[in-house]
Amino acid sequence: MPAENDGNPAARVAAGLHPAHNLWRLRRYLRPFAAEFVWLLVAGLAGTAAGIAVPLVVQRVVDGPVARHEPAGLIQLGVLALLLGVAEAVLIFIRRWVQSSSAVGMEAALRADVYAHLQTLPTSFHDRWQSGQLLSRITSDLSVIRRFLSFGVFFLLLNLTTYVVVVALLVHLHPALGLLVAASAVPLLLISRRFGRHYHAASRRMQDQQGDVATLVEETAQGLRTMKAYGRGPELAARFAGGARTLHDTGVAKGRLLANTSALLDLVPNVTLGVVLVAGAAAAARGALTIGELVAFVSLQLMLIWPVQSLGWIIANGQEAATAADRVQEVLDTPPQIVDAPNALVLPRHAVVGRLRFERVSFRYPGATAPVLREVDLTIEQGETLALVGGTGCGKSTLLSLVPRLHEVTGGRITLDGHDLRDLRLDSLRRLVGVAFEEPTLFSMSVRENLTLGRPDAGDDEVRAALALAQAEFAYDLPWGLATRVGEQGLSLSGGQRQRLALARAVLGHPALLVLDDPLSALDVHTEALVEAALRRVLRSSTALLVVHRPSTIALADRVALLDDGRITAIGRHSDLLATVPAYRALLAAEPPAGEPPPAASTPDGWGLVRS
Ligand SMILES: Nc1ncnc2c1ncn2[C@@H]1O[C@H](COP(=O)(O)OP(=O)(O)OP(=O)(O)O)[C@@H](O)[C@H]1O
């Protein structure tokens with residue numbers, strides 16, 4: 001399976017795997033519940049045995065006490081039939097009771113594993129996969145699997161056993177008629193096989209479409225304000241309606257397939273029953289069969305109707321579970337690419353000086369033809385702050401993402417105090433690096449939990465210091481202070497507030513390296529000045545790499561590197577670059593490119609220019 005597996009079912013079909021292959025691979029999740037499952041089966045089989053015994057008792061009643069007019073024997077056998085009925089009811093209750101707990105436990109274990117695996121997958125995996133597809137896999141697909149592994153498999157075994165035992169009894173009662181009933185299994189098998197093949201494809205289509213609809217809903221929820229602002233609500237509604245209609249049509253087609261097959265499956269035992277009734281009555285009239293045997297035969301045969309009727313449902317459920325298992329395994333089979341090397345190092349914070357070096361670093365996104373970064377050489381000395389500037393899309397954010405190893409370099413290496421980052425343990429590296437992205441994501445949890453995401457052990461003092469530094473003390477004034485739950489992505493907070501909380505999260509506990517993507521972009525002038533002053537203090541004790549989109553943030557940096565088309569084309573002090581590098585000047589002042597006259601408004605230190 002290629003690492004860049006994108007969930008395309010065609011890949012699986014081409015691989016020639018049996019549809020149930022992936023379902024079989026999930027059997028280990030049933031193992032903890034094996035004892036329960038055995039009890040379940042024992043209770044189920046005992047219940048069925050009690051049910052099967054009732055017609056046999058009825059046969060004795062009809063051929064014995066009824067035929068011989070003996071009321072005493074009638075009471076004995078009647079009580080026995082009653083006891084068998086009660087036993088069957090009790091056993092069915094026990095089975096249902098056990099069934100519910102084991103099924104849910106299995107689903108929870110599988111869901112926990114899929115979620116944990118998602119955490120280990122690289123950012124590039126999440127870039128490629130629609131979140132709705134992941135959502136539908138971790139919710140509805142797992143429920144489908146749970147239903148089949150608990151109910152489907154159980155009823156398949158129970159019904160098969162019932163079928164075999166009842167048919168054997170029928171053959172014993174009347175071999176010719178019994179064999180006729182046994183022969184009815186042939187059309188049943190043919191119908192089931194054909195149905196299974198068609199239903200498998202329909203299930204996959206439907207489950208993928210469910211994922212697409214989930215993606216649409218998720219995108220709408222996230223981008224609602226933008227869509228409304230641009231008046232695109234009707235288009236979005238139409239897009240959603242289109243997706244929902246496709247899903248509806250697939251669902252209807254699938255339902256019809258099941259309905260048609262169920263009707264065919266129903267027909268077989270009913271036709272057989274009709275033939276048995278006529279032939280049985282004739283045999284009874286000839287004296288080849290007693291009335292009691294005929295009653296028992298027909299009663300037993302009626303017991304086959306439910307197993308046959310449920311066959312369609314079980315196959316449908318099994319096919320859905322097989323496709324759900326395919327979809328879940330597509331996630332589980334994607335190997336985590338960024339993992340700890342054997343014997344990876346743990347660097348304690350106090351042992352880190354904080355010298356960061358990029359040595360001929362190149363990076364290309366998976367599937368992209370051209371690299372985003374080409375042979376980048378850059379050294380950031382201990383305690384130094386380096387600002388990275390460059391035109392939009394030149395690779396600044398990509399370069400930052402390489403430091404906490406969200407993406408892995410595809411050429412060259414990055415070292416921290418001389419250690420290749422790939423030789424460090426990921427958890428150790430990520431504790432050393434404080435990161436704030438351009439889009440400050442806050443999770444649906446309390447402010448405190450959001451702040452201590454990377455350092456759950458941080459004390460109150462550390463949290464207070466980080467909030468003070470990021471000028472984010474407003475958090476204490478929220479309705480429940482730091483316990484206030486901020487909405488999904490912190491939507492209930494302003495952009496500036498979110499950014500300050502994200503900054504506080506990054507600087508919490510004075511990380512050795514700070515990697516900040518335009519940390520002051522969403523702040524008003526007053527707050528910006530305060531955060532800038534506070535940040536300046538932190539930057540003195542950490543090595544920092546800042547991406548700067550706004551010229552004013554350059555004031556925080558000791559040196560500036562100009563990134564152009566994936567290469568560092570100039571590096572130095574801001575004022576030196578301003579004086580000597582026309583492309584730099586052009587970028588900051590949005591003036592015409594190199595070769596054209598410089599702006600008249602520059603001041604000797606250059607700051608007038610960048611602050612304009
Ligand atoms: N996940 C991704 N997969 C593939 N290509 C990507 C991905 N993210 C970014 N790119 C591409 O890599 C290039 C650099 O993107 P990057 O976000 O690093 O630029 P940037 O300099 O930070 O841009 P900006 O200043 O607009 O934020 C762009 O051409 C972009 O299209």
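Glycine is treated like the rest: Cβ placed from N, Cα and C.
Where the annotation comes from TrEMBL, it is an automatic prediction and has not been curated.
Given the structure is predicted, the values throughout are model-derived calculations rather than measurements.
The feature transmembrane segment is assigned by TrEMBL to 33-54 (among others). Listed as Cβ neighbours of the transmembrane segment (33-54) (distance under 8 Å, sequence separation of 6 or more from its ends, same chain) are residues 81, 84-85, 87-88, 91-92, 94-95, 98-99, 101-102, 105-106, 154, 157-158, 161-162, 165-166, 169, 299-300, 303.
The feature domain 'ABC transmembrane type-1' is assigned by TrEMBL to 38-320.
The transmembrane segment annotation in TrEMBL covers 74-94 (among others).
Residues annotated as transmembrane segment in TrEMBL: 148-171 (among others). Within its own chain, the transmembrane segment (148-171) has Cβ neighbours under 8 Å at 23, 26, 29-30, 37, 40-41, 44-45, 48-49, 52, 56, 99, 102-103, 106, 177-179, 181-182, 185, 297, 300-301, 303-304, 306-308, 310-311, 314, 317-318, 320-321, counting only residues six or more beyond its boundaries.
Here TrEMBL flags 177-196 (among others) as transmembrane segment.
Summarising model confidence by region, the domain 'ABC transporter' (356-590) averages a pLDDT of 86. Among the features that TrEMBL reports, domain 'ABC transporter' is placed at 356-590.
Summarising the annotation, TrEMBL assigns region 'Disordered' to 590-612.
Cβ atoms under 8 Å from those of the transmembrane segment (74-94) belong to residues 43-44, 46-48, 50-51, 53-54, 57-58, 60-61, 64-66 of the same chain, restricted to positions at least 6 beyond its ends.
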